[in-house]
Amino acid sequence: YINYKNMSHQHLLTLFNLLPVGSNISTWWNFGSMLLACLMIQIITGFFLAIHYTANINLAFSSIIHLSRDVPYGWIMQNTHAISASLFFICIYIHIARGFYYGSYLNKEVWLSGTTLLIILMATAFFGYVLPWGQMSFWAATVITNLLTAIPYLGTTLTTWLWGGFAINDPTLTRFFALHFILPFIIISMSSIHILLLHNEGSNNPLGTNSDID
């Protein structure tokens, strides 16, 4: 029983905790909200990292070392961004596993929009991995982008276009930084569509419990 008369005098977080939710929704339904929280953390920390980052092959690694050592609380921003990225993928894989288990793929529009979100997220993570321009960043950029050459007829042209030349160089890093910056905002837009499609048909009873239990 919720006493709505006293709700206005309570703390905001307490109000959220008191929001009525059906008993047929379990802990597995938390991960969509956690993904949104991860996205917000990534955008906020990423903004502060972008302020100090230099998209140049000669300065990129040094700018990150400067961020870690010289910028006040820069190391917190960098580590939070990295750890939250890992948490992002843990949450999304659990979110997808929940969808497989409860047959959410039958809702085709929601499932396909979610699949698109996963692909965009993986691309964003790849572009971010390249940005420090360390040895592994260079290797990743070379190997992954070279996969485009497997496309018949257009492969070599597409790879050259993506690199901004005939080899991975400064233009590659610049456009990867631009893509890494813009894609999270596309993810926000796609997430909104994902949620709209989810609520388009109304709710269901995935756990199969008594709908009158509450």
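Each Cβ is built from the backbone N, Cα and C atoms, and glycine gets one as well.
According to Swiss-Prot, the protein carries these features:
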type     : residues  : note
BINDING  : H81, H180 : heme b b562 binding site
BINDING  : H95, H194 : heme b b566 binding site
BINDING  : H199      : ubiquinone binding site
TRANSMEM : 31-51     : transmembrane segment
TRANSMEM : 75-96     : transmembrane segment
TRANSMEM : 111-131   : transmembrane segment
TRANSMEM : 176-196   : transmembrane segment
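H199 (ubiquinone binding site) sits 17 Å from H95 (heme b b566 binding site), taking the Cα positions as reference.
Around the Cβ of H81 (heme b b562 binding site), a 10 Å sphere holds 18 further Cβ atoms from the protein chains shown. Neighbours of H194 (heme b b566 binding site), defined as other CB atoms within 10 A of its CB across all chains, total 19.
If you count C-beta pairs under 8 angstroms between the transmembrane segment (31-51) and each of 75-96, 111-131, 176-196, the highest count goes to 75-96.
Looking at H95, H180, H199, the binding-site residues in this record, the fewest other C-beta atoms within 10 angstroms of the C-beta turn up around H199.
When the alpha carbons of H194 (heme b b566 binding site) and H180 (heme b b562 binding site) are compared, the span between them is 21 angstrom. H180 (heme b b562 binding site) and H95 (heme b b566 binding site) have their C-alpha atoms 23 Å apart, to the nearest angstrom. In the three-state DSSP reading, H81 (heme b b562 binding site) counts as helix. A gap of 21 Å separates the Cα atoms of H95 (heme b b566 binding site) and H81 (heme b b562 binding site).
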